[in-house]
Amino acid sequence: MGLLETIQHPADLARLSDEQLVQLAQEIRDFLISNVAQTGGHLGPNLCVVELTLAIHRVFDSPRDSIIFDTGHQSYVHKLVTGRQHFSTLRQQGGLSGYADRGESVHDVVESSHASSSLSWADGISRARVLNGEGDRYVVAVIGDGALTGGMTWEALNNIAADKDRRVVIVVNDNGRSYAPTVGGLADYLRSLRPAIDSLRTHKAYEGNLDWTKNKLQNGGFLGQLMYKSLHAAKKGVKDWWAPQGLFEDLGMKYIGPVDGHDQKALESAMQTAKNYAGPVIVHAMTDKGRGYAPARADEADQFHAVGVIDPETGLPLDPSTAQSWTSVFAEEIAEIADERDDIVGITAAMLIPVGLHRMAERHPQRVIDVGIAEQHALTTAAGMAFGGLHPVVAMYATFLNRGFDQLLMDVALHKAGVTVVLDRAGVTGPDGPSHHGMWDLSMLQIIPGLHLAAPRDATRLREELREAVAISDAPTVLRYSKGNVGAEVEAIERLDDGVDILARRPAGSTENDVLLVSVGAMSEMSLQVANLLGAQGISSTVVDPRWVLPVPQSIIELAAQHRIVIVIEDGVRAGGVGSRIRQEMRAAGVDTALNEVGLPVEFLAHGSRGQVLDRVGLTAQKVAHDVVAQVLGTKVPFARPLPNEQITHTGQFPTL
């Protein structure tokens with residue numbers, strides 16, 4: 001039996017010798033490589049925090065002390081030492097989450113995997129501890145150097161530093177990367193830091209003597225105050241020369257480091273020093289992403305930040321896909337557009353390769369800007385670029401648009417800025433769970449005045465709609481598409497004057513217009529399946545793809561008036577989505593056709609494959625067709641209306657689909 005199998009609780013780590021800790025760290029790395037290779041997941045980030053996580057759990061007392069992992073994707077080692085070693089289920093439906101999850105363990109605190117929030121959590125928890133008379137409990141926040149590029153971290157630091165009695169330990173896991181190398185002035189600053197004599201500077205006696213001297217000199221008249229200012233300036237100068245950590249200490253935070261993030265004894269010493277100080281402290285640990293796994297270290301792109309199923313020996317995908325992904329289609333097309341237009345600039349929030357801007361960056365490096373993990377800043381700087389005569393294309397995951405909503409509304413839309421926002425991983429994304437599903441965007445974007453929203457159904461439509469988007473210079477445009485591979489081309493049988501594509505219509509010779517199926521984006525294949533199932537029951541249907549769902553095309557309203565019921569199929573939340581907007585436009589035009597919104601419930605959806613998640617919520621062709629048949633027959637609301645001069649007979653019976 002290996003050491004790892006004997007660890008079921010953090011307290012089990014206390015009995016291990018130095019030699020056993022080294023052995024355990026190696027066992028953990030071997031375990032992660034072997035298991036994540038079979039399921040996929042965040043491998044590189046977890047290989048770099050093995051010793052760091054062990055040190056935290058040996059010095060602090062979880063769950064009495066709260067341990068928070070910013071973004072949470074580096075919590076695998078934490079899971080292992082808190083009794084969760086069934087990694088064969090990682091990111092599988094019903095299995096272990098790829099992030100922290102309160103439903104799994106009392107040791108998990110923050111479930112959201114959106115970056116830069118951990119310090120605000122730490123601020124709030126530590127305040128609650130003090131107010132509840134539990135100020136002796138620690139809060140440890142583990143945050144990467146990449147997440148420190150998010151402005152929210154500095155808002156939290158401003159508050160944490162103001163209260164010297166709260167026991168907050170901020171562990172900066174500095175591997176020089178988020179997905180890719182961390183960029184910006186902060187990254188340069190962190191690289192400049194040098195070791196210092198932290199055990200002295202963070203000792204309570206040192207602080208006490210410093211305060212006593214300060215008070216005596218400041219109360220000693222003009223000469224005393226002059227002497228204090230001189231000594232303070234000298235101290236600061238020596239400190240910044242010896243260890244230029246002034247940024248943190250000028251905020252009022254004690255700084256320890258940099259510490260070798262793979263030296264177990266040094267890490268534990270640093271953690272113990274921070275604990276003994278019993279106030280806000282930053283521990284700066286230098287780590288290697290992908291530590292101990294040669295294929296990860298050799299991966300220049302992101303050092304195996306996230307992998308699919310791979311050969312653990314070589315790191316190569318076991319089933320390399322030859323299909324084209326949505327992201328790669330965008331990457332090719334935006335690079336070609338940039339070749340043609342000098343005013344096109346790309347903006348990414350620390351995700352150059354994942355969102356597909358790398359090809360444009362290879363050809364036009366001066367016209368692709370990585371702003372760090374800063375979606376709010378990305379959108380407002382885009383508005384400024386548009387004012388300056390450029391056309392910015394801001395590419396991000398759909399789930400991260402939530403963070404920049406105010407900037408999109410007030411800085412971009414209010415000023416009618418010609419900015420294109422490209423949302424990757426829209427809809428249900430699968431294994432990464434509730435905080436990564438891009439299911440909120442369709443509802444959020446409905447309320448932004450003047451915004452144009454496109455949802456391409458295939459690669460050809462993505463290319464053409466991207467070009468249409470960047471041709472608009474007086475309003476924001478948004479494109480959204482799914483995660484993974486693009487499906488087969490879905491050709492239209494007709495394109496209407498306002499750009500709406502007719503994908504299928506009633507058989508020739510039929511005079512019935514029962515159902516109008518409005519397919520949003522990648523739901524076209526399902527919509528056509530629904531039409532086929534309805535046709536087998538003698539129910540006629542027309543299938544349309546609006547292409548641009550905002551503003552609602554006039555032809556959609558006209559077609560709605562010609563049918564008995566409208567079914568809008570979308571992979572966003574039903575509340576306030578595309579279906580809801582079409583209903584409002586229909587009513588405003590005096591069209592009283594029944595309409596049913598088919599989409600996702602307003603719930604946080606647990607992880608699983610895309611197909612499994614859609615099946616759980618009933619968003620399948622079989623279920624949708626079954627409901628539509630009932631609505632046409634008049635046994636389920638909303639009832640399909642009779643058309644003028646049409647007599648409809650309701651049977652009240654359900655056919656078998």
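Each residue, glycine too, has its Cβ placed from N, Cα and C.
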Need one residue: from His57, His73, His415, the one Swiss-Prot lists with Ser113, His114, Ala115, Gly146, Ala147, Asn175, Tyr293, Glu375 for thiamine diphosphate.
His73
Can you give me the Cα-Cα distance between Asn175 (thiamine diphosphate binding site) and Asp145 (Mg(2+) binding site) in Å, rounded to a whole number?
7
From the Cα of Asp145 (Mg(2+) binding site) across to the Cα of His114 (thiamine diphosphate binding site), what is the distance in angstrom?
14
Reduce the DSSP letter at Gly146 (thiamine diphosphate binding site) to three states and note it down.
coil
Spatial separation of Asp145 (Mg(2+) binding site) from His73 (thiamine diphosphate binding site) - C-alpha basis, Å:
14
May I ask for the distance between Glu375 (thiamine diphosphate binding site) and Asp145 (Mg(2+) binding site), taken between their Cα atoms and rounded to an integer number of Å?
16
Candidate with sparsest Cβ neighbourhood (10 Å radius) among Asp145, Glu375, the listed binding-site residues:
Asp145
